[in-house]
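**Student:** Starting off with a structure, shown below.
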Amino acid sequence: MKDCEYQQISPGAAPPPASPGVHRPGPAAPPGPSPGPAPGAPRWSVSGSGSGSGSGSGSLGRRPRRKWEVFPGRNRFYCGGRLMLAGHGGVFALTLLLILSTTILFFIFDCPYLARTLTLAIPIIAAILFFFVMSCLLQTSFTDPGILPRATICEAAALEKQIDNTGSSTYRPPPRTREVMINGQMVKLKYCFTCKMFRPPRTSHCSVCDNCVERFDHHCPWVGNCVGRRNYRFFYAFILSLSFLTAFIFACVVTHLTLLSQGSNFLSALNKTPAGVLELVICFFSIWSILGLSGFHTYLVASNLTTNEDIKGSWSSKRGGEASVNPYSHKSIITNCCAVLCGPLPPSLIDRRGFVQSDTVLPSPIRSDEPACGAKPDASMVGGHP
């Protein structure tokens with residue numbers, strides 16, 4: 001069945017001629033031009049056409065969509081796709097609340113007294129640490145961690161065909177793994193059934209964000225994002241600077257309470273600075289976890305490992321197997337630190353701000369029994385009438 005193209009008839013156009021042998025009853029129309037349709041009620045005619053030119057006219061008034069609007073993962077985008085965050089943001093909001101509230105209370109109740117009594121450098125150091133911590137946190141949270149775009153329909157079909165061709169003639173399904181050699185070490189590449197591709201080395205699929213992330217370290221709900229190749233340096237700088245800020249505020253609050261309690265008891269000092277108790281509680285319970293996390297990631301950076309690799313024991317004997325050499329290590333702590341923290345930042349691969357292109361099929365010589373990728377099958381192939 002041919003496609004139909006609708007064209008508007010001008011009001012002064014004559015009606016189409018009647019087919020031969022067909023009698024049209026009714027009174028004859030008076031001579032003269034036809035009155036035409038009423039205002040607001042245009043007439044339409046249907047003309048057969050084999051081309052799909054009518055589909056372009058219907059999309060003239062439609063706003064072109066950007067790629068972040070149809071992104072298949074569970075991320076949320078802000079500012080027109082310029083910023084991205086994980087699907088859940090409650091824990092990230094709690095992180096912001098704890099940092100902001102503790103620092104604001106410190107600047108209101110402790111900094112004025114310490115600046116007058118000791119030195120003006122205390123509020124300056126606290127302000128520098130605070131702005132550096134917030135900058136690293138926002139960069140970690142709103143930066144693309146290294147998401148790999150999913151395979152298109154054509155790419156997935158070609159890869160499936162390639163996998164089927166490599167399988168044996170038995171009923172056993174073909175293997176979904178590949179092996180590559182990296183610095184003399186055999187590394188196994190696994191197939192991602194969600195993204196329809198073989199994951200590159202050190203890439204893993206995050207079950208929370210539903211994305212394959214390059215050099216996947218872990219998913220951190222405290223920063224509201226995955227930690228991967230493109231934002232790991234910001235994450236490491238964030239936890240390291242946050243440990244310094246927490247320890248600095250804790251030491252300053254203790255010093256403030258000690259100076260106030262010299263002329264009186266400790267309870268009267270607490271009455272003068274009621275926010276000091278809240279600051280001490282938050283800093284005391286935060287500093288141990290933050291310092292431990294900073295030390296653990298310092299070990300990972302020096303060894304050029306990821307949290308995912310360390311937990312799985314990929315290059316150690318944690319799971320009872322033989323310990324193997326880490327193929328990504330440069331055999332030097334300084335070189336590993338420079339490679340992880342100071343290397344060039346790769347560009348984002350998902351093109352969040354790009355426009356969604358319409359699915360067009362390029363003319364190519366194909367077999368008559370195999371439709372082109374992206375083309376609709378003929379009606380006779382799906383049980384319809386030709």
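Every residue, even glycine, has its Cβ placed from backbone N, Cα and C.
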**Student:** Answer yes or no as to whether Swiss-Prot lists Arg229 and Ile334 within the same topological domain, that is, on the same side of the membrane.
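**Tutor:** According to Swiss-Prot, which assigns topological domains, Arg229 and Ile334 fall on the same side of the membrane.
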**Student:** State the mean pLDDT for the domain 'DHHC' (190-240).
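**Tutor:** Across the residues of the domain 'DHHC' (190-240) the model's pLDDT averages 94 on the 0 to 100 scale.
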**Student:** Counting across all protein chains shown, how many other Cβ atoms sit within 10 Å of the Cβ of Cys220 (active site, S-palmitoyl cysteine intermediate)?
**Tutor:** 24
**Student:** Would you mind listing the long-range same-chain contacts of the transmembrane segment (118-138), meaning Cβ under 8 Å and 6+ residues beyond its ends?
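**Tutor:** Beyond its ends, the transmembrane segment (118-138) has Cβ neighbours at 95-96, 99, 103, 106-107, 111, 223, 234-235, 237-238, 241-242, 244-245, 248-249, 252, 255.
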**Student:** How about long-range neighbours of the transmembrane segment (234-254): same chain, 6 or more residues beyond its ends, C-beta under 8 Å?
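**Tutor:** Sequence-remote neighbours of the transmembrane segment (234-254) are 99, 102-103, 106, 110-111, 114, 122, 125-126, 129-130, 132-133, 136-137, 139-140, 143, 217, 220, 223, 227, 276, 279-280, 283-284, 286-287, 290-291, 293-294, 297-298, 301, 340-341.
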